[in-house]
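TrEMBL annotations:
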DOMAIN    30-526  domain 'K+ potassium transporter integral membrane'
DOMAIN    539-784  domain 'K+ potassium transporter C-terminal'
TRANSMEM  67-91  transmembrane segment
TRANSMEM  159-187  transmembrane segment
TRANSMEM  199-217  transmembrane segment
TRANSMEM  229-249  transmembrane segment
TRANSMEM  275-294  transmembrane segment
TRANSMEM  306-326  transmembrane segment
TRANSMEM  351-376  transmembrane segment
TRANSMEM  397-421  transmembrane segment
TRANSMEM  427-451  transmembrane segment
TRANSMEM  458-481  transmembrane segment
TRANSMEM  487-507  transmembrane segment
Amino acid sequence: MVLKGLAMDLETGFYQNRLKKESWRTVLTLAYQSLGVVYGDLSTSPLYVYTSTFAEDIEHSETNEEVYGVLSCIFWTLTLIPLLNYVFIVLKADDNGEGGTFALYSLLCRHAKVNSLPSSQLADEELSTYKKDINTPMQTTFGVKVKSTLERYRVLQRFLLVLALSGASMVIGDGILTPAISVFSAISGAELSLGKEHHLYIEVPVACIVLIALFALQHYGTHRVGFLFAPIVVTWLVCISGIGLYNIIHWNPSVYRALSPYYVYKFLKKTRKGGWMSLGGILLCITGSEAMFADLGHFSQLSIKIAFTSMVYPSLVLAYMGQAAYLSRHHVMENEYQIGFYVSVPEKLRWPVLVIAVLAAVVASQAAITGTFSIIKQCCALGCFPRVKIVHTSSKIHGQVYIPEINWMLMILCLAVTIGFRDTKRLGNAAGLAVITVMLVTTCLMSLVIVMCWHQSVLLAVCFVIFFGTIEALYFSASLIKFLEGAWVPIAISFVFMIVMCIWHYGSLKKYEFDVQNRVSIDWLLSVGPSLGIVRVRGIGLIYTELVSGIPAIFPHFVTNFPAFHQVLVFICVKSVPIPHVRHEERFLVGHIGPREHHLYRCIVRYGYRDAHKDDLQFENDLVCSIAEYIRTGKTRLNGNAAEDLSKDLEDMTVLGTPSTHISGVQLCDDNEVNSESVGTSKLREMHTTHISKPKKRVRFLIPETPKIERGAQEELCELMEASEAGIAYILGHSYVRAKQGSSLLKKIVINFGYDLLTRSSRPPAYALTVPHASTIEVGMVYHV
């Protein structure tokens, strides 16, 4: 099936290239699916926009100027920000098919040396998905100045990182507030039938039960119930547009006149400060717009554009016009809740519409929760969030993850704000500030992308910031003024997560700098044998390190206390690069450390920030096969020199893929395996050892007969195979980071308490969870940073 093929492309991250070859049928299918994933939050906004707008700031008078003015503001807000800004501009700033705040940040990191990852290498820039400027215009003079300024001043680099982290923090806040306001607003329709006195006794408990059920089902994964999402949202959009059209025809067919921007002017002129403050409620009509960009990696630009322009946008406009038409003929409201969405629904349809609204709210909440999981995964990959358990809930559909710790934390906070606020107004104030902050961050980063990545003139970037930034700043000020009325919640949540991310990033950076400053030279490693009586034992030793060059300090610490290491030693670094995906053909960087006869290797395993890390024993076979292929191809240093520097060591590394990408090369199998299918039609010869008695396991390398392998490489392969049969030992470093003497009080608090607490609370690295405990050696060491 077409969708199955697309799922495989999504897994490897090359969806955009494949999409160009797909038919319109596929594009329309994706557009239909995007309705359930991307537009759930945006489509449920009519539930609470008018209620929040008319809460206290403005009154509903008989002249209808307020109603028409609010409708005009809603229409032009929907037109300018989601339609013009996101659909036609921001969606084009994709990072190899990925979107979101960190996608913009990683895009900037690749066009200027502002990367926050300390382990970056020049070799990373040779990755095929590392976007190049080959076919783009020459960079403008101003763009060159901006780039050089960012690269020169560390404070600007830190500000750019903090800006990206603030956007990510607000996305997390949105993941808490969106389920609360969506579910609570949907259930509030029961007020019309049950009465206001049952508000606390019926609606709040029911909303809490729905939220608990929603979070409890997260571990099953979105794909389990995802096939229901699109039909629910389509049904909801058809429902609200049909009701809106009925209200327009039945109550006020001339309400379309309010779409003129002249009514915005009249509205603000009459209401003045009250109208400005009511913008915090009007802002809620675009909640969920940022999902169009954040979820870009799941679909495509064209499918998201088609879904919004053909279905979502007209449905929302009709829904808001219908509510305005009803309110323009009903000026006497006995209760404040009667100005909401359900009052405009015909009485016979209220209960069916309420059921559909609750289902749509659940879909909207699911999208916000999934987006929170996704952004936290990206933060972890870029070294800006403590390590958490990331469960990939689908082996086929890219990007669907579940994080248990974050899920239960979100549930507790979501229930807390629902029970604490118990009304749509304050929930709306909180959600609005979170949404508009993310949009402001996106606008700021987009201005840099226009100059540095798109190489457009500074005038275009300035016009972009002034036009859209002014609109968003106006809404931001209207939301911020309601700080004490609920807007403090996203600020508090964002502040806590910002502190956590900054402390983790600072501590990790200092730890890496300690490793770099205390690494030992290759000279020491090559001379350590005769000086200390080091012996080589059978097997392969995998030494995990964050360093991409040099020998980590834990290794001499280990050898000094235990003077022996394995006959084949591999220094392995599992690192993330600032791109969404690394192709399987470019997964490994393999090289020798010192002369060939020492059997010392360095292997760097590269993942993108959206890639799923290998978490099974297949990784071990992939690693051994990649080293064997490196030896077979002859791209080794034949005249190894112990005195050559570390930069030369890096230059000699070779890019290799997983065994599935070089099926005509070396393949690894056990004696009882038949690997004829994996090696294709190539003629292979079997290489095995004969002098080993009672091996733990029998391992064979299947090697092509041509081209002929030189004798030195054959001996090296035999040594590797013999070591692989003897087994693999995993040497892991366990560091205790402490602030060195003479550090400031603030640094001691951050490192000794903050970073230490986060380290003890966080999960170990992904590789440490999968290695067998019987083969693990843990080396503890104190880092004074």
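Using the three backbone atoms N, Cα and C, a Cβ is placed for every residue, glycine included.
What TrEMBL says about a protein is an automatic prediction, not a curated fact.
Within the chain, the transmembrane segment (487-507) has long-range Cβ neighbours (under 8 A, six or more residues past its boundaries) at 116, 161-162, 165-166, 168-170, 172-174, 176-177, 280, 379, 383-386, 413, 417, 429-434, 437, 479-480, 737, 750-751, 754-755, 758-759, 785. Just going by CB pairs under 8 A, the stretch in 159-187, 199-217, 229-249, 306-326, 351-376 that sits most against the transmembrane segment (67-91) is 306-326. The transmembrane segment (199-217) and the transmembrane segment (159-187) are in contact, since at least 3 Cβ pairs between them lie under 8 Å (pairs 6 or more apart in sequence). Between the transmembrane segment (306-326) and the listed ranges 229-249, 275-294, 351-376, 397-421, the one holding the most Cβ pairs under 8 Å is 229-249. Per-residue pLDDT, averaged over the domain 'K+ potassium transporter C-terminal' (539-784), rounds to 72.
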